[in-house]
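Taken verbatim from TrEMBL:
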{"type": "DOMAIN", "residues": "7-166", "note": "domain '6-phosphogluconate dehydrogenase NADP-binding'"}
{"type": "DOMAIN", "residues": "169-276", "note": "domain '3-hydroxyisobutyrate dehydrogenase-like NAD-binding'"}
{"type": "ACT_SITE", "residues": "175", "note": "active site"}
{"type": "REGION", "residues": "275-298", "note": "region 'Disordered'"}
{"type": "COMPBIAS", "residues": "281-298", "note": "compositional bias 'Low complexity'"}
């Protein structure tokens, strides 16, 4: 490619995808996007991007294609088939999947894309909606060094901590470990709050001092006000949290790694996820912890 910024196709304009694509526009990139919701296409156009009518239209002239969709089935749906990315992107294009999916799905995609002359990076992120808006995401990447080097300026417009973790699938493996750490940490923080409150300790004072020691964490810092104000509004969809825990437990099983604490937390996440499927409206990870705090005896 020339010294001009690459043309980017962005597929998936949800909670994460919309602000991320807008940050690329702010950085000077020509972004053409596609998603199923017209209001999100209108938002992209208002930010200076171009709304496409199909995946094929979005990717046809793109140098780099970025995907950000909920899970493995959606990645497969947009990638394969006559209307998918692999059939319509040009040979030599770079496909960056930033969704959180199984490592095996990423490996399979890289192989299928390679047969079409399309290069692939798996590059899931951590930092949530706030990190996406502020362009301070952590980006964990799997793939070839040369492709990572080419994509680095794009990543730098989206995040602050950007690391090539290994070959294809390694980015997703590290993301699974990230979700394990976050889920266990949230659960531990929620249980500590119950313990502190039932012990009659001033909760704010306790969380202040805990945050300054080894118990301190990004999770505790970000969720402190939620705990103090008993604010359990959804901050992340519980079905996606459940999906992520399924990814890490399945991946661990495949490599023979035992996750005794992770398995328990996965079960705790599964319960509100099932409840969420039985009733309309979003239920978030914070809400599931709120439900735990309100259980009889807690």
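Going from the start of the chain as shown, residues are counted 1 onward.
Using the three backbone atoms N, Cα and C, a Cβ is placed for every residue, glycine included.
Just so you know, TrEMBL annotations are computer predictions that nobody has curated.
The Cβ of residue 175 (active site) has 29 other Cβ atoms within 10 Å, all protein chains considered. This prediction places the mean pLDDT of the domain '3-hydroxyisobutyrate dehydrogenase-like NAD-binding' (169-276) at 93.
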